[in-house]
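Copied over from TrEMBL, here are the features:
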DOMAIN    187-253  domain 'Mechanosensitive ion channel MscS'
TRANSMEM  14-36  transmembrane segment
TRANSMEM  57-75  transmembrane segment
TRANSMEM  95-115  transmembrane segment
TRANSMEM  138-159  transmembrane segment
TRANSMEM  165-184  transmembrane segment
Amino acid sequence: MERLRSFIDHLDNLAITLIIFAVSVLLGLLLKYMLFKLLNLYNRYSNPKLVASLTKHLNHPLTYFFPLLFISMALPTVPLSESSIHSLRRVIEIFNIIVFAWILIKLVSVVQDIVRHKYAIDKPDNFRERKLYTQLQFVRKITIILIVFIGSAMVLLQFEAVKALGTGLLTSAGIAGVVLGFAAQRSLANLLAGLQIAFTQPIRIDDVLVVEQEFGRVEEITLTYVVLRLWDNRRLILPLNYFIEKPFQNWSRTSTDILATVYFYTDYAVPVEELRKELKHILSGSALWNGEVAGLQVTDAQHDNVQLRALFSARNSGDAWDLRCLVREKLLYFIQKNYPEALPKLRASVSGNNIPN
């Protein structure tokens, strides 16, 4: 009979505990709901991008954070033994650490969204923005790694066995450091290269590069590699230290402006001055030209043709490519229509005795 009464009391205590926890969860969810309602009201009057980013990134973490917060506050009131409360507190502390680290990681993403909104990269003159994006991407990844590392350490330190293990590990840290140093030599080299790239910036996000005879834009810079989006939408993956140790071409290092050339091979009878005027007419009628450089010169003369070089400028490499094609097509049409005798031809001298019947 005594055992039955004890069992019933235990069930009563368990039921009360579950009710307290359920009420705590409901209060936490209610607080989160009210908070997001206030954010939506604020969204109507000011800074909608900030509210949208907070709602997007913090919705799921706060769904767990507020209930855990209320459960932690209500834990001393539950009718359980001291040992049970101690075990529950340990479990809740572990979950609190995990959720708090999750919130910090999401706040880093919120900061990234705000910076990207304030400094838009999709404009012609984006030198400052590309510099900021490159540094932001690297700092974001380092920050997330630190948050995960510190959070994992705090979770592990909740266990007494791990605390005891930590003391033993400290005594062998020197030997372990040497072993890990040799094992992670390449990874450390890439990490140091990443630091160097982030702050000296030989490359930036959206830079135009020519690497391994491939033309492309820097799409992503991670802690260990760089992703180039090539002109035909292929992706070229290169380790970070490649850009420290090997030469490459950066077409937008100091400015996105670029010079473009088109070569023509014509007959000696070509009217150079007329082609020069037509080139300026073509460029002035195109929005691809940035209005800075325009010229046409005879750059070579062979026994059967002359080489003409049209030189002009554009705001970026994409515009330069399109402008090359435009100038090539229109100048070719101009020569065909107005000066067909200036097209390349092969001359031959035939003596009277060799004239065929």
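Note that Cβ sites are derived from N, Cα and C of the backbone, with glycine treated the same way.
Since the structure is predicted, the reported quantities are computational estimates derived from the model, not experimental observations.
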Reported mean pLDDT - the domain 'Mechanosensitive ion channel MscS' (187-253): 84
Summary of DSSP states over the domain 'Mechanosensitive ion channel MscS' (187-253), given as helix, strand and coil counts: 18 helix, 25 strand, 24 coil
Same-chain residue ranges lying at least 6 outside the transmembrane segment (57-75) that approach it to Cβ under 8 Å: 20-21, 23-25, 27-29, 31-32, 35-36, 85, 88-89, 92-93, 95-96, 99-100, 102-103, 106-107, 109-110, 113
Tertiary contacts of the transmembrane segment (14-36), as residues 6+ beyond its ends and Cβ separation under 8 Å: 55, 59, 62-63, 65-71, 73-74, 77-80
Long-range neighbours of the transmembrane segment (138-159), counting only residues six or more past its ends (CB under 8 A): 90, 93-94, 97-98, 100-101, 104-105, 108-109, 111-112, 166, 194-195, 197-198, 221-223
Distant-in-sequence neighbours of the transmembrane segment (95-115), which means Cβ under 8 A and at least six residues beyond its ends: 49-50, 53-54, 56-58, 61-62, 64-65, 68-69, 72, 132-133, 136, 140, 143-144, 147-148, 150-151, 154-155, 158
